[in-house]
Amino acid sequence: MFNKILIANRGEIACRVIKTARKMGISTVAIYSDADKQALHVQMADEAVHIGPPPANQSYIVIDKVMAAIRATGAQAVHPGYGFLSENSKFAEALEAEGVIFVGPPKGAIEAMGDKITSKKIAQEANVSTVPGYMGLIEDADEAVKISNQIGYPVMIKASAGGGGKGMRIAWNDQEAREGFQSSKNEAANSFGDDRIFIEKFVTQPRHIEIQVLCDSHGNGIYLGERECSIQRRNQKVVEEAPSPFLDEATRRAMGEQAVALAKAVGYASAGTVEFIVDGQKNFYFLEMNTRLQVEHPVTELITGVDLVEQMIRVAAGEPLSITQGDVKLTGWAIENRLYAEDPYRGFLPSIGRLTRYRPPAETAAGPLLVNGKWQGDAPSGEAAVRNDTGVYEGGEISMYYDPMIAKLCTWAPTRAAAIEAMRIALDSFEVEGIGHNLPFLSAVMDHPKFISGDMTTAFIAEEYPEGFEGVNLPETDLRRVAAAAAAMHRVAEIRRTRVSGRMDNHERRVGTEWVVTLQGADFPVTIAADHDGSTVSFDDGSSMRVTSDWTPGDQLANLMVDGAPLVLKVGKISGGFRIRTRGADLKVHVRTPRQAELARLMPEKLPPDTSKMLLCPMPGLIVKVDVEVGQEVQEGQALCTIEAMKMENILRAEKKGVVAKINASAGNSLAVDDVIMEFE
């Protein structure tokens, strides 16, 4: 076994690898850029080596710099994590030449699976189900149209190299096939330096389901169930779960056996993932193989008890697998939510800045681990478990140079419904301030009827949120629970407010019992009867709720029980009440006496400023160019200007027809969020 491993990555995955290496008694080396000098993975590692400026192409993916760090520290092996150099065969080759072990598959497997045309041909030869298509090189648009007609519309036009949604077009007719071929070819050449294109049948309403495989260098291979990854936006996964709510045991076994057959066909030896698309009739088709550890690997670990990072390290050290297919048991259900630094109310634009508050929910164990083919620890209890894989800390910076993922929040429970409920509570308990984040959106997904039923495809977000995420309106049942909680909390706050220093407990000024709770445009008249154990909140329709809590004024997180069911609220003080965030909703909750509530209804509502005739900057960024001038008439959808943020260019377009009256910014200007870029007549 190795004595020292270098992790050629950063963020949460570097921290994840360090945890397992530490458990195995292996010392670790971190690498870091200027931007990551104080990063969590640097603090956790036994050693750390500086490798350059913040941009990844000047630090983390420069092979020579990583190799220099390996030589300087004497690391015997390198774990690449995911992204960066994890699927770079030249990096694996450089390590081999240096006599350093790559904790991943052989170079040949990386190359074979990294090319979509080659990988599909190998899959067909290994009797793996593939999407019908043409695997030869397509010379021009006319040939693309001919092949598309032979396959039958709709078709997917794809670049052979690369990924991430680039060089991909769906065509529903000849014209779209002709245009899509040229666009995909251009994008592929610009993005990957390789303009080879192939065409395959497009599966409508597909699910994205992947199989986790684990192979060694002794010819052994197993699969560890599947992961459902259908909830995506812009080809980026947001929510994953294991197992899939859609598959039956026969389909799972067939997919698993084909995934292992493909891995063995390329001499695979490590953890890897074979991705499939699955239609509504449970027909499945090979999509691609990721020759690395997946971001979403924790859900597999939670339902199998297998530490995938440990297995990767043991396989890399030449050990045979200690686990057989018969040892693998899928126990319970696990769900992962990816917490991103982004603003869900502004089209999920990235957010940067300092984490002024970062308090994840407490982590709890999910049951036994499978070690050397034997289960270690107690059998899973009926209680839910929480896991949070992260690479940040309170006071740390979210940088513009890297992926905006803050954490991967996972829950495990005996059933899917219990895992979802555990995730709802965990999301409500997760405190993040200082930056924009997608916690409200994740909460909304967990409460969405289609997700709850398991009836979702890769089009879920596009179909259910066609206008983008606009926040959450709680149903009346939840509003009443929040109203009862707010009334009970207000009573506690009033007792504190009216207490005189030095006065004995239970001798405070009497606090009223009748209040009106106003939230989300609704009034709830209530009466509170308090005792030593909590409060009974009665509504004017005769119903009542029992509220218990140890919340005290000033606490930013309230854990309550309302009629025996948990309710977690993020709490802030506002005049006459609270700002409460729960289940994805952001509520202003006012608690008033009946007379105050009566007068409040007569007060004119303060309207927000009218910005309908302004173009506001949606994120901190740099104006790259302005495409219009004063006096120019613009049409809906017309490009107005381009802003660069987090190394990505974002085109801002006109929301409606109008005439430009004033332009307040020019190319080269740095702007803050909501700065007025231009105004219209």
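Just so you know, glycine gets a Cβ as well, placed from its N, Cα and C.
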Residue from Lys19, Lys158, Lys647, Lys656 to which Swiss-Prot assigns N6-biotinyllysine:
Lys647
Inside 10 Å of the Cβ of Ala171 (ATP binding site), count up the other Cβ atoms and send me the figure.
23
Among all the protein chains here, how many other CB atoms are within 10 A of the CB of Glu179 (ATP binding site)?
15
Given the binding-site residues Asp195, Val203, Phe348, tell me which ones have a C-alpha lying within 10 Å of the C-alpha of Asn290 (Mn(2+) 2 binding site).
none
What does DSSP call Glu275 (Mn(2+) 1 binding site) in the simple three-state scheme?
strand
Other CB atoms, at most 10 A from the CB of Lys116 (ATP binding site):
22
Take the C-alpha atoms of Glu275 (Mn(2+) 1 binding site) and Lys116 (ATP binding site) and report the distance between them in angstrom, rounded.
12
